[in-house]
């Protein structure tokens, strides 16, 4: 393999859990991207208005954020984490199967809220478990994890596309006038921002003609192997009732010798045993308890906060750019035709997925801190060039692809870097996942309001400001990293600044 034998041995030892977490993140991606393309057909199915149906977006995003905050609750034991992942991935399949039966917009919003909670739990728990397993080697596996969410996000719109209505799916006297604008309306829909579409008269009463149900049932079947894979992992770990007595197989002598070799000169000693009840990786509410702050230096909090703020900005850029790039392109001064502009969101997500695939081997050769630096600088330069060449349609496509590449690996690289600074203590994963979720929801709403008031050019200006803030917060994170206390053998075990002692055998711990 193109990585060294120590990492390869660790991967072989944890092959089943690693593949399981990757597959669960595929479920996450499958569920996160289908709503936009299918929303007009769901509007017909529920016979609701554009403003009513966009609340379904909001219910999913809000509960995804809530699920991310609560996901750490299930980290206390491996059994809790796996049962939560099993329930969440199974819930996503059930949601896909139930959506065609939802003929009321409120019921649909509740179902999508359940999906959001499941997605939030998957997001937090999968990241946490991979960091726990691989620790200093986690960067490459986190990059692969986030490739799978991109792959799922690309696949679900492709599944839905053949079943989307070409004409208005509610037949009435006004259907003919609205049908010609249907592709434009579909591409312009973003969470809770249908204001610029209010002049389109879409009928709410009449005969419903849509085949989108087949797309959801296909996605339910595609996702079904994921909860089955989690169940098999539970079975292997003897966590299914009546099968919990066996112990884990020991490492072979060769694997043990290979995996206990230090990866870098700054690795912690491997002879020390893992603490019986290591702190860290709590849910957001446990992280905020005052007992966790005792003895912590200001840099301990600063690393958490600045890391979360970087992801607040970069994931916010992903949300607002994918949501509004179509609307920006079809308006003046570019005035791109609707069909051509419709390729921009797909191009953006395609290059995010491609970038995550490229980042898997790159992350083995390059430190996470370096990758994040390249990402935030690349985002800033890309937005600057988009502003300079704002009248060029060609550069809009080039810039969209470039932005997707630079944003692709930011989250997993930042997560690996921040956890490494904190020596796998504290609440970095939970705080960073929550910060990213808040940014994606808040900045999308903020940019939508600004574009409505100030015009389409403000879309790029906002992106430039968010990119500049991401770079600034990252510079602060580098500063606090230098100030953060180095590992010391005489630190108090109760201090949050004390590094977690790593189990370099890589054995999957219960």
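Numbering starts at 1 and runs along the chain as displayed.
Every residue, even glycine, has its Cβ placed from backbone N, Cα and C.
The feature region 'Disordered' is assigned by TrEMBL to 488-510.
If you look at the transmembrane segment (21-40), the same-chain residues 6 or more away from its ends with a CB under 8 A from one of its CBs are 53-54, 56-57, 60, 85, 88-89, 92, 95-96, 112, 115, 118-119, 122-123, 126, 129-130, 144-146, 148-157, 159-161, 164-165, 169, 182, 185-186, 189-190, 212, 215-216, 219, 222-223, 225-226, 229-230, 349. Taken from TrEMBL, the feature transmembrane segment applies to 21-40 (among others).
According to TrEMBL, the feature transmembrane segment maps to 52-74 (among others).
Marked as transmembrane segment by TrEMBL: 81-99 (among others).
Among residues of the same chain six or more beyond the transmembrane segment (105-126), those with a C-beta under 8 A of the stretch's C-beta atoms are 21, 24-25, 27-28, 31-32, 35, 42, 45-46, 48, 52-53, 55-56, 59-72, 74-75, 81, 84-85, 87-89, 91-92, 95, 98-99, 145, 429-430, 433, 437. Positions annotated as transmembrane segment by TrEMBL: 105-126 (among others).
Under 8 Å from some Cβ of the transmembrane segment (138-159) lie the Cβ atoms of residues 3, 7, 11, 18, 21-23, 25-34, 36-37, 126-127, 130-131, 215, 218-219, 222, 346, 349-350, 352-353, 356-357, 359-364, 368, 408-409, 411-413, 415-416, 419, all in the same chain and six or more residues away from its ends. According to TrEMBL, the feature transmembrane segment maps to 138-159 (among others).
Away from its own ends, the transmembrane segment (214-235) comes close to residues 16-17, 19-20, 23-24, 26-27, 30-31, 34, 38, 79, 82-83, 85-86, 89-90, 92-94, 96-97, 99-100, 155-156, 159-160, 162-164, 243 of its chain (Cβ-Cβ under 8 Å, at least six residues beyond either end). TrEMBL lists 214-235 (among others) with the feature transmembrane segment.
Per TrEMBL, transmembrane segment is recorded for 300-328 (among others). Taking Cβ pairs closer than 8 Å, the transmembrane segment (300-328) reaches residues 187-188, 190-191, 193, 196, 293, 334, 341-342, 344-345, 348-349, 352, 372, 375-376, 379, 400, 403, 407, 410-411, 414, 417-418, 421-422, 426-428, 431-432, 434-444, 446-448, 451, 456, 459-460, 462-463, 466-467, 469-470, 473-474, 476-477, 480-481, 483-484, 496-497 in its own chain, all 6 or more past its ends.
If you look up TrEMBL, you'll see 340-358 (among others) marked as transmembrane segment.
Sequence-distant neighbours of the transmembrane segment (370-389) (same chain, 6+ residues past either end, Cβ-Cβ under 8 Å): 310, 314, 317, 359, 362-363, 395-396, 399, 402-403, 405-407, 409-410, 413-414, 417, 460-461, 463-464, 467-468, 470-471, 474. What TrEMBL lists as transmembrane segment is 370-389 (among others).
If you look up TrEMBL, you'll see 395-417 (among others) marked as transmembrane segment.
Marked as transmembrane segment by TrEMBL: 429-451 (among others).
What TrEMBL lists as transmembrane segment is 457-480 (among others). Sequence-distant neighbours of the transmembrane segment (457-480) (same chain, 6+ residues past either end, Cβ-Cβ under 8 Å): 299, 302-303, 306-307, 309-310, 313-314, 316-317, 320-321, 324-325, 327-328, 369, 372-373, 376-377, 379-380, 382-384, 386-387, 390, 418, 443, 446-447, 450-451.
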Two-stretch contact, the transmembrane segment (52-74) and the transmembrane segment (340-358), at least three Cβ pairs under 8 Å: no
Residues of the parent chain within Cβ reach of the transmembrane segment (429-451), under 8 Å, 6 or more residues beyond its termini: 61-62, 64-65, 68-69, 71-72, 120, 123-124, 127-128, 131, 190-193, 281-284, 287, 304-305, 307-309, 311-320, 323-324, 327-328, 411, 414-415, 418-419, 458-459, 462, 466
